[in-house]
Amino acid sequence: MGAGTSKNSDSTSHGDGDGEERDEYEGGGQLYVSLKMENYTLNADLLPHVFGSASLVGSWDSSRALPLERESTSMWQLSFVVPPNHETLDFKFLLRPKDSNNPCIIEEGPNRILSGGRLQGDARAALFRLNADAVLEYRVCINADRISPFDLASSWRAYQENIHPSTVRGILDVSMNSETCFESSSSANLELDLERYVVPSPATSATSGLVYPANLAETPRYISARKYSSESDFSKSGDTGSQPIGPTADKEMEVKIQDLAKVSTTSAAVEDKLATTASPTQKQESHKGVFVDRGVGSPRLVKSTSAGTFADDVKLGSGNKTAMPAAAGAVAAAAVADQMLGPKEDRHLAIVLVGLPARGKTFTAAKLTRYLRWLGHDTKHFNVGKYRRLKLGTNQSAEFFRGDNTEGIEARNEVAALAMEDMISWMQEGGQVGIFDATNSTRERRNMLMKLAEGNCKIIFLETLCYDERIIERNIRLKVQQSPDYAEQPDFEAGYRDFKRRLDNYEKVYEPVEEGSYIKMIDTVSGNGGQIQVNNISGYLPGRIVFFLVNTHLTPRPILLTRHGESQDNVRARIGGDSSLSDTGELYAKKLANFVEKRLKPERAASIWTSTLHRSISTANHIVGFPKVQWRALDEINAGACDGMTYLEIKMDMPEEYESREKDKLRYRYPRGESYLDVIQRLEPVIIELERQRAPVVVISHQAVLRALYAYFADRPLKEIPHIEVPLHTIIEIQMGVTGVQEKRYKLMD
């Protein structure tokens with residue numbers, strides 16, 4: 001009754017509801033059974049069937065076996081409702097040859113018995129012996145759910161409208177019993193049909209909501225260096241069985257905090273030394289012209305600013321410390337201005353978080369890192385808590401964080417200095433924006449960081465303040481549940497009490513930010529507006545950061561991304577254009593409307609966003625009850641002179657353009673058209689608005705655009721964007737909320 005796989009993809013599922021729901025429906029609900037068989041070794045001459053003890057599954061006469069319907073190239077499926085008098089099913093699968101003169105092949109092993117929605121015996125695959133030497137194996141998924149008659153009737157009406165009639169013979173698929181009908185249906189049951197369309201997400205999916213954000217931050221350099229050294233020695237030795245890969249239990253690295261009064265002098269001396277020992281390559285690069293990205297195309301030269309000759313283009317990502325970011329438009333223009341006019345330290349920006357524990361600092365840091373990376377800025381997240389755990393372990397109690405614990409303060413300052421030095425070293429190698437994530441709750445700590453940063457980078461403090469006790473309590477519980485600090489604490493309440501004591505220790509010594517450049521976020525996640533305070537903020541990038549933070553919040557809501565239905569140009573394999581939908585595309589538009597109605601029915605409000613192109617608008621035509629907004633920014637990538645061509649035609653008629661695109665799809669710009677970097681720049685207002693929205697949004701757009709949007713939520717590197725899989729007739733649900741971003745995919749059609 002739908003496409004996709006069941007929740008248990010390995011073998012067999014016994015129903016999705018919990019025990020209370022099953023008991024609730026025992027008296028009046030009916031059993032909904034789904035049988036699926038999957039095999040990637042196609043044999044077009046053998047068709048899967050099912051037969052068994054009851055007429056519902058064709059009886060034990062193989063000539064009356066029921067066929068499973070082809071759901072995809074590798075999947076066959078049959079769904080039906082079991083009347084109350086047939087709740088015990090005894091059945092087996094068989095393969096029937098297309099040539100009716102040949103005998104059927106019945107699966108080996110005992111009969112399968114489904115009683116009251118529970119499958120007896122061990123879950124197993126279906127094995128069919130074709131001959132003495134050949135066995136064909138099918139993966140089997142059996143799913144049984146109890147569902148109310150009202151929900152069955154609703155789903156059946158949608159099924160008849162959007163798919164095709166059932167093939168079950170002689171048995172009513174929906175039987176209404178007036179004595180046992182439920183007066184209302186639950187949202188869980190409404191989603192039952194949608195779950196049958198769920199397909200696995202790719203390995204690069206958006207799963208930050210399943211990972212503690214600090215664990216995704218940078219690893220200390222000394223650990224990375226030891227691991228690299230160990231792996232190098234291992235590979236050189238050629239020994240594959242005696243030497244482990246990874247950090248060894250050598251002497252713990254000593255980290256010394258420099259005399260703060262000497263930091264700037266030392267940095268200047270190091271800089272002078274580097275300047276006098278520059279390699280010939282570095283000296284040569286210093287004479288090259290300013291690189292202005294216009295997309296990858298034919299080879300071109302840029303006039304040198306210091307000579308009357310021409311030099312080759314600066315290669316992005318080549319290790320040149322003054323290389324442009326992988327960006328276009330305003331980001332590229334601002335970077336050029338910063339390099340030509342700004343002071344050296346302004347080329348590197350450190351966003352230093354400040355705030356008490358459980359105020360959302362790490363979540364904010366991770367979100368800001370994702371946004372800046374997506375815009376093309378080389379950005380890394382340095383979490384001091386991660387440094388502390390890797391150096392000192394995870395067994396520090398609340399006493400370690402007391403304001404009068406001298407040893408604890410020194411140890412925490414030590415790892416903070418180590419993280420700051422790692423960040424500055426990375427910036428000297430070409431990094432642009434470092435997010436320094438820690439409490440940094442005293443002026444003494446912040447002064448230490450400013451001394452370390454002097455002459456190396458510009459610091460902006462980002463202070464998160466929250467006075468909503470409900471939100472603080474929620475964050476504390478999430479912290480105890482997710483933080484590695486309490487991973488070895490089996491007693492949640494004990495961990496909760498320890499963290500509360502830690503929080504009390506921080507509150508006693510906390511000093512709000514009043515120095516330097518800063519941004520204060522005050523109760524911005526409460527859903528009641530909050531406020532942002534800024535002081536001494538200037539420049540393009542700091543301004544973008546403020547604008548982003550003003551619009552971000554933690555209200556949970558889904559964002560649904562989907563391509564338009566198949567278009568006439570899709571059928572003809574032509575790019576661009578503004579063609580209408582094909583018949584298949586029209587069918588998807590109807591299914592999408594049905595999906596949106598079910599998925600967003602519990603929501604109080606939602607909106608539908610489309611591009612201004614015909615195929616996107618048409619895909620949304622059948623969706624009713626929600627406001628629709630057309631965005632020109634959501635239009636497909638502009639193919640310029642190649643619009644309306646096939647890739648084969650481009651290869652034949654414009655071989656240089658075809659070759660340039662193959663070399664670098666991210667930066668390649670169609671003649672008089674756009675590159676993926678251009679698309680990212682015009683999508684920034686869309687991202688800001690998606691972050692600002694507090695209700696669900698359905699985005700119906702195009703492949704290149706959705707690749708770029710998806711990359712933002714999944715935190716994928718820019719270089720991967722042109723290769724992200726966004727198939728037709730598939731819905732990508734991005735769930736945004738307190739714990740991060742999670743993804744689910746629904747495939748409505750093949």
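The backbone N, Cα and C atoms fix where each Cβ goes, and this holds for glycine too.
As given in TrEMBL:
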BINDING   Arg563, His564, Gly565, Glu566, Ser567, Gln568, Asp569, Asn570, Arg615  substrate binding site
COMPBIAS  1-14  compositional bias 'Polar residues'
DOMAIN    25-130  domain 'CBM20'
REGION    1-25  region 'Disordered'
REGION    229-249  region 'Disordered'
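With a cut-off of 8 Å between CB atoms and residues at least 6 apart in sequence, the same chain places Ile575, Gly576, Gly577, Ser579, Gly644 near Asp569 (substrate binding site), listed in sequence order. When the record's substrate-binding residues Arg563, His564, Gly565, Glu566, Ser567, Gln568, Asp569, Asn570, Arg615 are compared pairwise by CA position, the greatest distance found is 14 Å. A sphere of 10 angstroms centred on the C-beta of Arg563 (substrate binding site) encloses 27 other C-beta atoms.
The predicted model assigns the domain 'CBM20' (25-130) a mean pLDDT of 78. Residue density at Arg615 (substrate binding site): 27 other Cβ atoms are found within 10 A of its Cβ, drawing on all protein chains shown. Within 10 Å of the Cβ of Ser567 (substrate binding site) there are 26 other Cβ atoms, across all protein chains.
Its own atom aside, the Cβ of Gly565 (substrate binding site) has 29 Cβ atoms within 10 angstroms in the protein chains shown. Take the mean position of the Cβ atoms of Arg563, His564, Gly565, Glu566, Ser567, Gln568, Asp569, Asn570, Arg615, the recorded substrate site; other residues of that chain with a Cβ within 8 Å of it are Val571, Ser579, Leu581, Ser582, Gly585, Leu728.
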